[in-house]
Structure formats: structure tokens, C-alpha cells
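Quick look at what TrEMBL lists:
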type: BINDING; residues: Asp18, His19, Gly20, Lys21, Ser22, Thr23, Asn134, Lys135, Ile136, Asp137; note: GTP binding site
type: DOMAIN; residues: 6-187; note: domain 'Tr-type G'
Amino acid sequence: MPTPTFQIRNFCIIAHIDHGKSTLADQFLLKTGTLQEREMREQALDSMDLERERGITIRMHPVTLYYTYGGREYELNLIDTPGHVDFHYEVSRSLAACEGAILLVDAFQGVQAQTVANAFLAMEANLKIIPVLNKIDLPQARPEHVIAEMEQALLIDPAEVLRVSAKTGLGMDELMAAVIERIPPPQGSVEQPLRALVYNSHFDTYKGVVVYVRIMDGQLRVGQKVRFMRTGREFVVTEVGRFRPGMTRCEELSAGEVGYFTANIKTLEYVNIGDTVTDALCPAAEPLPGYKEPKPMVFSGLYPVNNDDFEDLREALARLKLNDSSFTYQPEVSDGLGFGFRCGFLGMLHREIIQQRLERECDIELVQTAPNVTYEILKRDGTVVTVHGPQDVPDAGQIQEFREPIVRVSFLLPAENIGAIMQLCTDRRGTFVRTEYLSPKRVMLVYEMPLAEVIYDLYDKLKSITHGYGTMDYEFIGFRAADLVKLDILVHGNRVDALSVIVHRSQAERRGRAILKKLRDQIDRHLFEVALQAAIGSRIVARENIAPLRKNVTAKCYGGDITRKRKLWAKQAEGKKRLKQIGKVEVPQEAFLAVLEQE
Ligand SMILES: Nc1nc2c(ncn2[C@@H]2O[C@H](COP(=O)(O)OP(=O)(O)OP(=O)(O)O)[C@@H](O)[C@H]2O)c(=O)[nH]1
């Protein structure tokens, strides 16, 4: 018998990193007897190794709990959401699968940038918010201040705020009651054709893709032929189940419920987060709203240090892609680094995670080039092209308008640092939007800024200026025209493709000079003077010279000592293996790395 919808509650926990979301999720498992204390590994829901190591939630792990309240048994579906900005879209899809959200705030740290961003996402999705203060067991907790911040920043009624300790379980009874009493039961009808929201998925070696769904209307059963409405692909369902928290089979899932299904789906590419699954024979008229194609925003080149590892790297990337459809890659060749791949990521954290997985899983030494963002170029012939790297930029003569991605960045910081951060934002071509004091000591600051400036080092700068007390969050708002140029690097008159970068014209000279300085330190002297130049089209904006070598290297070894000479020659030959000939100049591989690797 399916649970009547009025006895179902679907909710998630939204919080800033480290405010205790996973610990609270564990308390729900304990409280409902889903897991016993002894069975519970610490933080059962954070299952991926990498997450455990980094202590952050990357993927969402749903769990179905049963809890008796007021003499009735309720089905509670808890959906854990990622807390990082890179995974914004995934957060928004998991919110769409719920009717309510627990907004968890650390009673010491207070409201942070991601708390605000995620709370607004939940409010936009019309979720019932249950504001909760966590870590009230901490001696340094300052509940009254934090509640005042919540009221100021998020218009939360102080009377509604619950106080818990996810660590000790204090306040859990009140929280369970609030989930049941305050969050509305799901709407939707079993009589309607099936509509299920795909809010996540993972790849299982034996079962194929496991699709995580929230059933909005209708029913989902084994043997049913279903259709993904965006792609039109059809599959026959082989298994339906719930997460308890392990995958547990059941007969069917009905309107209002949360669970998973498998259907011998071989690749995650067929399963898009946000897509709608319907019955192939009796399809729904309209898919569910809000679908977005996941778009990588940050790109960088990934090269094996040893070119023989290229095929291994290709295989490793293909395996990763099976598990993460938001990551993209395509082969590219660079003058300096040889064969490699241009990879697309959702953001900087996503990029770091992928690199770590690759290194761990395939034991290949990798070089990552400095990250760049995606650009749009309106050409004089009226076409718009998307550019993922400097090598794709057409000739200046063909460019009508160069556009870059802009994000809205929100900072939450100690009031005393506001001047320094505003200066930083101005230097990074930011446009001031607004500022708001949450208390005399904490302020929210909003800027619009090019994404390229944000990924460069904004986060590190924020942390160092605010001594770790500032937080930030950003969302993509669109492409805007800017005075961007492709800056080329010439070694003795020869353009080196691998070293080109896209920069704002006002910064071209400074960036050019910095690159040339690094190059100069890496390239040995030659018998002639080597000119290093940075150029925009044919205009040189910066120049460095490497003075010529005055004497032959072996000259100082006198004529007679042939063994020493041989040794020297052998050593030179060894070094030359990794030298790249550019025109008449030999450039060591390290020079490319020094310039391309992120500072
Ligand atoms: N004293 C105390 N510590 C807590 C409490 N809840 C969580 N913690 C600690 O706070 C730290 C972060 O908790 P997590 O549950 O990992 O936080 P999270 O929000 O899931 O973090 P992400 O997965 O990074 O988003 C851990 O060291 C917890 O032990 C609490 O109520 N009291």
C-alpha cells in the first residue's frame, strides 16, 4: 500500500559548509531508527572518499525515513544538498523535489554567504523554511546575535527559529515535530500520467545508471516503459526502490514519493538532471518546468607530463565522464605541452575535484594550464561563436563584439574589512550593486563582476583580507561585451600558441610583462640575443631580452680534458630531450609549465 500523500514530507537541509548538515542528517537516521548508533559510521550520508577527506558534501544522498508522530506513521524523505557554489543548479533541482527546507545556521559562525544564497533559492522555489540554529551546545554559541542576523538578512521570524545540537541530539524532538507540522504534504495526483523529476543520478557498474526521482504525478513501476522528455529516449524500468539509506527495492513509487529507478541505461549522458520522466505509452503533455542544460563555465587544459600517458588519460577521462555528466573534455594539441585535453568544469572546486580523482585513479602525472572562462564572440558576419580558449579566438578583424560571463558576487564579511574588499572588487573590474549591514559588525556586499576575475584569486584574497571570516557566493547572470583581447607571446619572432591568453585590454601590458619575466627565467642563453615579446595582433605591448652567451660552454674546460667535455655534452643532450625548438630558440618544457600553471 503506498503511503497516502498527506503522510509524506519531502524536505532538504540547506546550510553553509561546515554548519553541520551531515551531522544533522545522521541525527535523523538515529532518531527514526533507520540506523543504529553502532551501525552508523560517522556521517553515513557522506559516502564518497573524497568528500570525507575534504569534509564537504558534493553529491546528494537522499534517504527515506519512517517516523511515528501523533499515532500516525509518516514517510519522511530527506534530500541532502551540496553546499558549494559550483553545484548551484543541482541544489536548485533538489529543492524542486521538496516542499520544505531546514535552514541550518551555525550558532557561533552566524549567517554566511551561502546561507543567504541557498535560503533565497528555497524561497524562490516556494518551500516552507524551518529556520534552525545548530551547535547550541558550543560554549561560544551566540544564539541571540545569530537570530538577529537571520531576521535582518532573510526576514525570518525569530519566533520560528528552533535550537538544536546535531552533535548531541538536543532539540531533535521539536525539529521532528516541526518537519511534520510546518511542511505541507506533497500535492499531485496518482490518476495523472507519470511525471517524475530527475534530481540526481549515479552510475552503478552492475545496474547501469541509477536515476534519482521525485514522483510529481502518476506512478512508476517495474516493467513500465518510460521516456525522458528532453531527449526522447525510452527505456523499460528494471528496478524501482527507495534509499533506506542503501538502495532498497519496492513495487512502485507514487505521486509525492522520492526514490530511484534503473532501466539498463548505459551512460549518464542520457540522464539529465532536471529532466522529466514520463510514461512512454501514456505520456504527460508538458514536462516539469525549470530544466537547464548543465554548462561548464571554467576551462583548462589537462596534459600528461609524459606524452606516452595520453591514451591512459583518455580512458581515465572517459571513466570519469560516466560518473559526472557535467564535466566535458576534448582532445587538443599544444605546441609546448604536446597532446592533451581541454576540459570544462562547473567551477574551480569541480576542477580541483576532477584533478584529484584523476591523479588518484590513474596515477598519471598531470599538468593543468591556468583556467579560463567561456567567452562569446559576435562576428562581423553576424554569427555568434562560443570560445573555450585563446586558440579559438578569430582574427581581430572578424570580431564585432567580445563578450565575457558576468556573475553577481555576494560577500558576507566583518564590517571593518569592507573598504579593502570594495577596493579589491574595483581593481577586478567589479560594479557595485549594494551593501547591507546585518549587524553593526557584519555586512553584506554585492558586486557584479567578470567571472574571469572571480576565478583568478578572488576567494583567496577575500580569505586573507578578512582572516578567514569573510565568505562569498556567486551566480551567473549573463554575458556582457567587454574590451577583451588575445595576447600573444612571441619567442624570437615566433608566435607560441600555447602561451596565448585572453585578457582585458587594460591589463594586457601587466599580464604580458609578468609572463615574459617568467619565460626569461626559464630559457637558457643562446649564442644570439633572444627577444621575448607580448603582442596584441601586430602591436607589441611588452618586451624582454635574453642576453647572448659570450663563450662556448666547453671553453672553460681547457683543450685537454676530454672526459669532462664528454660529460658536459652528455648532460646537455639529456636536457635537450625536453627542449622544445621554437624557431632557432630552445625552450624547456618547464617554461611552458611555469607560464601556464596557475600562480
Ligand atoms: N559542537 C558541535 N559540533 C557540531 C554540531 N554539528 C556539527 N558539528 C561539527 O561541525 C563540523 C561540520 O559538520 P558537518 O556535519 O560535516 O557539516 P556539513 O554542513 O555537512 O559540511 P559540508 O558537508 O561541508 O556542507 C563537524 O566537525 C561536526 O562534528 C553540533 O551541534 N555541535
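Glycine residues also receive a Cβ, built from the backbone N, Cα and C atoms like all the rest.
Taking a C-beta cut-off of under 8 angstroms and a sequence separation of 6 or more, Ile136 (GTP binding site) has the following same-chain neighbours: Ala107, Pro143, Arg163, Val164, Ser165, Leu170, Gly171. Other Cβ atoms within 10 Å of the Cβ of Ser22 (GTP binding site), summed over all protein chains shown, number 25. Among the residues the record lists as binding GTP, namely Asp18, His19, Gly20, Lys21, Ser22, Thr23, Asn134, Lys135, Ile136, Asp137, the two farthest apart have Cα atoms separated by 17 Å. Ser22 (GTP binding site) falls within a helix when secondary structure is assigned with DSSP. Taking Cβ-Cβ distances under 8 Å and a sequence gap of 6 or more within the same chain, the neighbours of Gly20 (GTP binding site) are Leu104, Asp106, Asn134, Lys135, Ala166, Lys167. Note on the domain 'Tr-type G' (6-187): its mean pLDDT in the predicted model is 85. Within 10 Å of the C-beta of Asn134 (GTP binding site) we count 29 further C-beta atoms, all protein chains included.
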